[in-house]
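Peer 1: Please find one structure pasted underneath; my questions will follow.
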Amino acid sequence: MEVLHFLFGVFGNATALFLFLSPTITFKRIIKSNSTEQFSGVPYVMTLLNCLLSAWYGLPFVSKNNILVSTINGTGAVIESIYVIVFIIYAPKKEKAKILGLFAFVLTVFSAVALISLFALHGNGRKLFCGLAATIFSIIMYASPLSIMRLVIKTKSVEFMPFFLSLFVFLCGTSWFIYGLLGHDPFVAVPNGFGCGLGTMQLILYFIYRDNKGCPEMKKQSGNGSIELGAEKKGNGKVLQDEQV
């Protein structure tokens, strides 16, 4: 059982790393154009908060046998921090102020959770408090593709929802869901069970609409846009997720 627990944790690390790295194409575009254009920086800041809280939850003095949760989320926190810094550098003045304020909010929330759990809580109370915080923001992160799922249903096209992204959302959610079940940890199992369900829904939508070419009007509006997890592109009253591998 412990071996299976470890193996699913390692597999979860690999699939989650793919998801964390998926925005690199978008940031290459931002750096090349010297502008954030109409891309939103909010998803990266919120994913950073999720990574920080989950990495903290996985530490041995908060929850036992969850070090693999800390390793991938610690890595994710570094990656997301780089995204946020790059976004702030290239964002226009108004958007820069907005993201800096949200970034300060994220650091404040994480610091508060860490300090309260260290000095005011112990044992199961500490695990419960940190676990609830991590669970809430994990669910928010997994829910980010809902807008693109609505777009797929509306246009009857999967042009803006790449198969491999949907597959890795499913694999990541499933592996961490099983990891949480094997470790008897609801704070890992519940949010990732949610992610597994969303990944399944994306794959079902993909196979339903995969042969459709999509609506020419949507293609015109989207330009060169494709998708990545959690990244939204603003404009024209629509919400599109941006570039993906």
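Cβ atoms are placed via backbone N, Cα and C, with glycine included.
Note that TrEMBL annotation is computational and uncurated.
What you see is a predicted model, and the numbers here were worked out from it, not measured in a lab.
OK, TrEMBL features for this one:
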type     : residues : note
TRANSMEM : 6-27     : transmembrane segment
TRANSMEM : 39-59    : transmembrane segment
TRANSMEM : 71-92    : transmembrane segment
TRANSMEM : 99-120   : transmembrane segment
TRANSMEM : 132-153  : transmembrane segment
TRANSMEM : 160-182  : transmembrane segment
TRANSMEM : 188-209  : transmembrane segment
Peer 1: Below 8 Å between Cβ atoms, which of the listed ranges 6-27, 71-92, 132-153, 160-182, 188-209 makes the most pairs with the transmembrane segment (39-59)?
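Peer 2: That would be 71-92.
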Peer 1: Under 8 Å for C-beta pairs, could you tell me which stretch among 6-27, 71-92, 99-120, 160-182, 188-209 has the largest tally with the transmembrane segment (132-153)?
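Peer 2: Out of the listed stretches, 188-209 contacts the transmembrane segment (132-153) most.
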Peer 1: So if I exclude everything within five residues of the ends of the transmembrane segment (99-120), which remaining residues of that chain have a CB under 8 angstroms from its CBs? That is, six or more out.
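Peer 2: Residues 41-42, 45-46, 48-49, 52-53, 56, 62, 84, 87-88, 91, 126, 129-130, 133 contact the transmembrane segment (99-120) from elsewhere in the chain.
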Peer 1: Please give the sequence-distant neighbours of the transmembrane segment (188-209): residues at least 6 beyond its ends with Cβ less than 8 Å from one of its Cβ atoms.
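Peer 2: Beyond its ends, the transmembrane segment (188-209) has Cβ neighbours at 66, 69, 134-135, 138-139, 142-143, 145-146, 149, 152-153, 156-158, 161, 163, 166-167, 169-177, 179-181.
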